[in-house]
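Undergrad: One structure, as structure tokens, below. Some questions next.
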Amino acid sequence: MPPYTSTKYRMQVCVCARECVAVWISAYLIVMDVIHKRASSKEREKIAQRADERKSNAECVYEWKPPPDTPTPLHPARKAPCDVGDSNKMMAARFLLRRAAPALRQVRCYAEAASGAPQMSFTFASPNEVFFKGVSVKQVDVPTLTGAFGILPAHVPTLQVLRPGVVTVFSDDGTSAKYFVSSGSITVNADSSVQLLAEEAVPLENLDLATAKANLEKAQSEMGSASDEASRAEVQISIEANEAIVKALE
Amino acid sequence: MVAYWRQAGLSYIRYSAVCARVVRAALKPQFRVEAVKNAESSVRVNKVKTA
């Protein structure tokens, strides 16, 4: 006979007992659940039965019908008419509107289309001459160090630096004017005003193609004799500028 | 991307001066005289006499 007082035996008994208790408890819960379900379904049946009885016994049947379609007055905060056909939706909307009234204090309406015909105030000057001063134009094409791009009204504000190239100004009446610009800067502001400040700006007609070609060849021959990096860079700059002039005139 | 002239140690002012010189040199003769005159007048270099 095993000693019933030993610890190992006692522990085994405890574990056994615990498991048994767990099994009993779960069994109890399952049984109660089943009973409850059966009972609630029975109750629901009874309730439905009673409702049917009441309906059949009643003299007049009260049933909620949506009121006939009448245009309901709009909440003053709403400018845009909503779907008036469905009165249910209207009532729900008005209820929600009253709930949300504080948030709707600020007037809300459809987004405005981009205000028609924004104007671009264009200013173009060099140290010697002013070409445009606050003139309203349609588009300006500029050559910048990062590439050539066209600026329209409502362009994103930007600051760009120019390289030798052609600036084309398209004015409101459709005519375009071309200028050759040596370098400078262009500013596009948030109010669509554009300022183009050039170091040296001349109308294309003032440039001479033959002279430009001769200068280009001279610069290219100078490239070989350039000694240090700075002078080489300067020669390279003049080559590029002459190439731009030649390209503009051809 | 750094520009080649920036890498060679030149500033944009120098770049701009070289470009302007090139453009002035490519002008038609009747405009060139006036342009050169205008360009010279915008910058005047005064060498300060040291004691």
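The backbone N, Cα and C atoms fix where each Cβ goes, and this holds for glycine too.
Worth saying up front: this structure is predicted, and the values here are computed from it rather than measured.
Not my notes, these are from TrEMBL:
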DOMAIN    A:120-201  domain 'ATP synthase F1 complex delta/epsilon subunit N-terminal'
DOMAIN    A:207-248  domain 'F1F0-ATP synthase delta subunit C-terminal'
COILED    A:209-236  coiled coil
Undergrad: Could you tell me the mean pLDDT the prediction assigns to the domain 'ATP synthase F1 complex delta/epsilon subunit N-terminal' (A:120-201)?
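TA: Across the residues of the domain 'ATP synthase F1 complex delta/epsilon subunit N-terminal' (A:120-201) the model's pLDDT averages 92 on the 0 to 100 scale.
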Undergrad: Under DSSP, the domain 'ATP synthase F1 complex delta/epsilon subunit N-terminal' (A:120-201) has how many residues in helix, strand and coil?
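TA: The counts are 0 helix, 56 strand, 26 coil.
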Undergrad: Using DSSP, break the domain 'F1F0-ATP synthase delta subunit C-terminal' (A:207-248) down into helix, strand and coil residues and give each count.
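TA: Per DSSP, the residues of the domain 'F1F0-ATP synthase delta subunit C-terminal' (A:207-248) fall into 37 helix, 1 strand, 4 coil.
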